[in-house]
Every structure is written in structure tokens, then in C-alpha cells.
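Student: Swiss-Prot feature annotations, pasted as is:
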DOMAIN    5-127  domain 'Glycine radical'
MOD_RES   LYS48  N6-acetyllysine
MOD_RES   LYS88  N6-acetyllysine
MOD_RES   LYS92  N6-acetyllysine
MOD_RES   GLY102  glycine radical
Amino acid sequence: MITGIQITKAANDDLLNSFWLLDSEKDEARCIVAKAGFAEDEVVAVSKLGDIEYREVPVEVKPEVRVEGGQHLNVNVLRRETLEDAVKHPEKYPQLTIRVSGYAVRFNSLTPEQQRDVIARTFTESL
């Protein structure tokens, strides 16, 4: 559980009036702000704070969502010949829908250049 605190009494003057997030499960403290001696976002063992007195401060904890350098995969289950035929004879494929950048799109609504690009990107000889 995460608890927000403001240190009101400490042997270390750098800790006085500083704000921290205490993680009781990990027995760690994350510095939110301190006058000196501790960097913002620095994580230390609670024992490193020493003998302190504090008051709790309200903290709203939201689930953390991080996306860093994620991958995206579009899956189109069809044959190259089907798409090539759809370029030549669009009237035969009015409902042909593919995935492009996470969106479903009718193949015939794409420009000829976009259609060629989809075919080239979807069907490669090797990775």
C-alpha cells in the first residue's frame, strides 16, 4: 500500500518538511521533494530515513500505464493474389476489408498508391 507523508521531525535536517511516498509492501520510500540530500524520485529503504515523525497526506494512486517502444502487429488473413486481383477488378471485392495502422478499412477506398504499399508491406520475401 502507498502512503503519502510529510516529515515533521527528523535527526537529518534535509528531511524536515520533505514529502515522500511510502510503499509498505516493498519497505521503500520515494522522495517527492526535499530541501537537499535526496533527489526527486529517488527510492531508498525506509530505514535510511532514520527516526522520523510525519503526518500523512492524501494520495490518489492510479494504475500506471507505460508504453515504451511497443510493437504493433496488423494481421490480414488473405493471399497476395486476392489483393492484386482487387486492384485490377475492384467491383469483384466491394466488401474486402483489411487492417491498416490498427484500423479496419475497405481496400477499395485506398488510393492505388496506398494499395500497392499495403501489398508490399504485407507480403515480403524475408524479414
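Including glycine, each Cβ sits where the backbone N, Cα and C put it.
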Student: Fewest neighbouring Cβ atoms within 10 Å: which of the modified residues LYS48, LYS88, LYS92?
Tutor: LYS88
Student: Measure from the Cα of LYS48 (N6-acetyllysine) to the Cα of every one of the modified residues LYS88, LYS92, GLY102, then give the nearest.
Tutor: GLY102
Student: According to DSSP, collapsed to three classes, what secondary structure does the residue listed as 'glycine radical' have?
Tutor: coil
Student: Take the Cβ of GLY102 (glycine radical) and count every other Cβ within 10 Å, whichever protein chain it belongs to.
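Tutor: Counting Cβ neighbours of GLY102 (glycine radical) within 10 Å gives 8.
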Student: From the DSSP assignment alone, can you count helix, strand and coil residues within the domain 'Glycine radical' (5-127)?
Tutor: 33 helix, 34 strand, 56 coil
